[in-house]
Every structure is written in structure tokens, then in C-alpha cells.
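Trainee: For 115-240, the entry in TrEMBL reads domain 'Palmitoyltransferase DHHC'. Residues or ranges marked as region 'Disordered' in TrEMBL: 87-106. Feature annotation from TrEMBL assigns transmembrane segment to 14-39, 51-72, 160-180, 200-223.
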Amino acid sequence: MDLNCFKLCSGLKFLGYFMLLLVAGIISVSYYVVVILTWSPRLSHGGFTSFLSIVIILLFHLLLVMLTWSYIMVVFNDPGSVPENWKPPSQENLEAGPDTSASTSLDVPENGQALRYCHYCRNGKPPRCHHCSVCQRCVLKMDHHCVWVVNCVGARNYKFFLLFLLYTFLETTLDTIVLLPSFMKFFKEATGHSNSASDLALTFLTFVLNVAFALSLLCFIVMHASLISTNTTSVEVYEKKGVVRWKYDMGRKKNFEQVFGARKALWLFPLFSKEDLENIPALHGLSFPTCSDDES
């Protein structure tokens with residue numbers, strides 16, 4: 001009996017919906033243990049303890065709002081789809097007539113042999129575009145399909161995904177730090193029966209989960225920071241092997257702006273300014289500036 005890999009990949013969608021519930025469950029348990037069980041009762045202690053409790057609770061809620069906002073944006077935003085009957089700008093210019101205005105060097109094929117075509121979507125493939133077997137469509141500047149967000153990560157939601165990683169890492173790190181004293185007293189509290197068994201178990205479980213997620217997310221953040229610095233996606237890591245200089249590597253600053261935009265005030269928010277969307281073609285995922293032949 002032959003195994004249909006595409007049906008297997010499509011089944012990952014259902015796993016993704018389970019992941020949504022898992023994320024909501026972990027956030028809910030962490031909220032109960034950190035805010036309600038551990039630090040809210042200390043608000044009435046007075047002095048530095050009350051002040052520290054206020055700071056921790058406010059910081060917890062701020063990070064929770066930011067990670068939830070980023071999560072919603074990466075889940076519900078299209079990573080970028082190829083327009084129907086897409087053609088490279090060079091062919092469109094030929095049909096419309098010559099263009100004498102100055103333009104940035106784009107990764108546009110100069111001959112018909114370089115054009116890419118997706119046999120599944122029956123459409124042209126822009127540069128850096130790849131077909132996702134889970135979503136069953138081509139995704140612009142595809143990085144990977146993430147079951148945690150039930151969506152592909154591509155040109156138009158990559159920033160949101162990275163911010164979700166960042167704020168989740170900060171939230172889980174905060175939880176780990178503020179629960180560390182309770183974790184260290186776990187066996188003492190269990191012996192003295194000063195808390196209910198369920199509260200002790202939840203505190204222990206929440207600490208372990210947050211430690212595991214914080215360490216895992218740190219690895220992902222370091223990996224994606226390295227990818228951004230060279231303007232590379234997870235898929236393109238294999239494509240650039242043996243290349244002296246990656247043709248999309250325009251320098252760290254420009255590489256960063258192609259993901260987060262040029263407006264610094266919005267770097268930490270899952271938003272893009274209108275100016276960035278108008279002036280940075282890479283944010284749309286259809287064309288990208290490249291190095292000259294001498295540089296690459």
C-alpha cells in the first residue's frame with residue numbers, strides 16, 4: 001500500500017488546531033500560577049514585597065498582551081500568495097513598453113529559461129517563493145510551515161512570527177525567574193502541607209514547562225537572528241551552500257529592514273507603517289533587491 005505524503009502533510013493542519021489549544025492552555029495555567037496563586041496574594045504584604053508584586057504583575061500582563069497580539073497577527077495574516085497568472089516585472093515591462101526611469105536592481109530573470117513554474121499551482125513562481133505541501137499553495141518568501149500557528153511563515157507575516165517568539169521567550173523567562181523560589185521550596189511545601197496538592201503540582205508543572213519553552217525559544221531566536229543577518233530563510237539555507245556571497249545579502253541593516261521595516265518606532269510592534277509598505281518591496285514578497293554580479 002503506497003503512502004500518500006501529501007495527505008500526511010495535510011493532516012498537519014489538524015495537529016495545528018490542537019497546538020492552538022495547547023498554547024491557550026499553557027498561557028492560562030501560567031496566568032493562574034504566576035498572577036493569581038503566587039504574586040497577587042503578596043500585594044497586601046506592604047513595602048518592597050507589594051511594589052515587586054505590582055511590577056511583576058504589570059510586566060506579565062504587558063508581555064502577555066504583546067505575545068497574544070503577535071500570535072493573532074501571525075495566525076490570521078496571509079504569509080503571501082502568488083497573484084493569478086503572475087509574470088515577472090521584466091515581461092510586464094516588455095508588454096507595457098520600455099521604462100527609462102531608474103530602478104533598484106531586482107532579482108528578475110532575464111531569459112525565459114530562468115523562469116520558475118509550479119506544476120501544482122499551475123502558476124509562475126516569484127523569486128524566493130516555494131510550494132507548501134501542508135497549505136497546498138505557493139508561499140512568497142516561504143520560511144517554513146509552523147504547526148504552532150496553523151499557518152505558513154512567509155514574507156508578510158515573518159515579522160509577526162519573530163515577535164511572537166521574542167515575547168513568548170521573555171514571558172516564559174519571566175515566569176521561570178519569579179517561580180524559581182516556589183520551585184525551590186516545592187519539596188519543603190509538599191512535606192509541610194502548607195498548600196494544596198493541586199496548587200503545588202501546578203506550580204511545579206508551570207515552572208518546568210516555562211523552563212523548557214524558554215530554552216527552546218532561545219535556540220530559535222538565535223537561529224532566526226542569524227538568518228536575518230544574512231537575509232536567508234530556513235528553506236534557503238540549503239540553496240546557498242557553496243555560494244561565496246548570498247545574492248540577497250544587502251548588509252545587516254538593510255536585511256533587517258526587509259523584515260521589520262525602516263521605522264524604528266514600530267520594530268517591537270506587529271505592525272508596518274504605510275511608508276514601509278510603499279518603499280520596501282520585499283515586505284510584499286514579489287521582488288527583492290540583489291547584489292551585483294561582482295559582489296555575489
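Every residue, even glycine, has its Cβ placed from backbone N, Cα and C.
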Trainee: Where DSSP helix means H, G or I and strand means E or B, what are the helix, strand and coil counts for the domain 'Palmitoyltransferase DHHC' (115-240)?
Mentor: 71 helix, 18 strand, 37 coil
Trainee: Mean pLDDT for the domain 'Palmitoyltransferase DHHC' (115-240), as a whole number?
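Mentor: Mean model confidence (pLDDT) across the domain 'Palmitoyltransferase DHHC' (115-240) is 88.
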